[in-house]
Amino acid sequence: MTDFRTLDDAGPLQGKRVLLRVDLNVPMEGGRVTDATRIERVVPTIREIAEAGGRVILLAHFGRPKGKPEPKDSLKPILPTLSEKLGRPVAFGEDCVGEAAAKAVAALKDGDVLLLENTRYHAGEEKNAPEFAQALAANGDLYVNEAFSAAHRAHASTEGLARLLPAYAGRLMQAELDALTKGLEAPARPVIAIVGGAKVSTKIDLLENLVAKVDMLVIGGGMANTFLHAQGKDVGKSLCEKDLAETAQRILAAAKEKNCTIILPADALVAREFKANAENETVTVDAVPSDAMILDVGASSIATIDGAIDEARTLVWNGPLGAFELTPFDTGTVAVAQHAARRTRAGQLVSVAGGGDTVAALNHAGVGEDFSYVSTAGGAFLEWLEGKELPGVEALRAKA
């Protein structure tokens, strides 16, 4: 993934109109930003371009306005937080193309920052319509993509635009691509992957790709129950996709063929109620009571996973090992996350994690800052793990 151009290749930025595609899809409540993480992560690139004398023109989507203006999906309420985090005023353009955009861009001086309105206010964005991409390109001299989280979508502002102007990866995109290369494309071996979450059905492609690429695969969360069921074990009232038993067996057979060691829970924390601090007990997976649910991995399984991490040099993690939102069913996820963080801090492990629940789980364990890289890109991270090409990245690669 090193064959893409970055800001280092862009030459002098003084006086250049830089169309910078960012991810500003932040949670809002009552017209205020409730979590500014995504804004904070793009600030360094905005600042770098502005300080080099570039005229920064921010392109972003927000919500799902279905190709026409929706007041609730306007980017305008983000302005105060963006200005505050950036430490400089940010102008606003009432549209991302046409006369309103052209006027706002024409008013810029070197080092100024402008946020244009939601790209999804136009149907051409999600259709990747050439004429819409050209209308966006009319306001820029070069294009920088900083939105890895939208890179799995071939939209006008992520893919079409990159074909029309000199295109570069922003610093956040660059960090993400470097981390992903270390994670799966050119990893230090052995590689261990941890895949959790509720359903096998949403992660079939992911599991099938990983068994061919990693040396050890830990399967946890609700999806592990489907594998245990496929092995003939009674999982009681646990979440289980019984209709996917054959799929699970196929994945287990593929792993065997590829010499990938599958690690499934040997014991589990079970309860009869799905609530915090429900009465619980640890049992082996051969002895799950018929009226109980598996809600976390047990102590023996935690020790096995920790031991496997000790053997590995690279870890890729997607999805929690149990119902981590409820105490004490967060024990497995927290213990394993903290163990991986210790190995990472000691320089013995490269750890890459991603996906919404995964980020929340690592933060819950207090180790969000300790992994080598934590991706905030849900869908794009998953599609990369599935081995799929990401149009937004390929468009940068094609220019190299």
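Positions of Cβ are set from backbone N, Cα and C atoms, glycine also.
Going by what Swiss-Prot states, the substrate site holds Asp23, Leu24, Asn25, Arg38, His61, Phe62, Gly63, Arg64, Arg153, and the candidate of Arg5, Arg88, Arg120, Arg189 recorded there is Arg120. Taking Cα separation as the measure, Asp23 (substrate binding site) is nearest to Gly355 of the binding-site residues Glu325, Gly355, Thr358. Ranked by Cα separation from Thr358 (ATP binding site), the binding-site residues Asn25, His61, Gly63, Arg120 are led by Asn25. DSSP classifies Thr358 (ATP binding site) as helix under the three-state reduction. Counting Cβ atoms from all protein chains shown, Gly355 (ATP binding site) has 24 others lying within 10 Å of its own Cβ.
According to DSSP, Arg120 (substrate binding site) is assigned to a helical segment.
Put simply, Gly355 is the one of the binding-site residues Lys203, Glu325, Gly355, Asp357 whose Cα lies nearest to the Cα of Arg120 (substrate binding site).
Around the Cβ of Gly63 (substrate binding site), 14 further Cβ atoms fall within 10 Å across all displayed protein chains.
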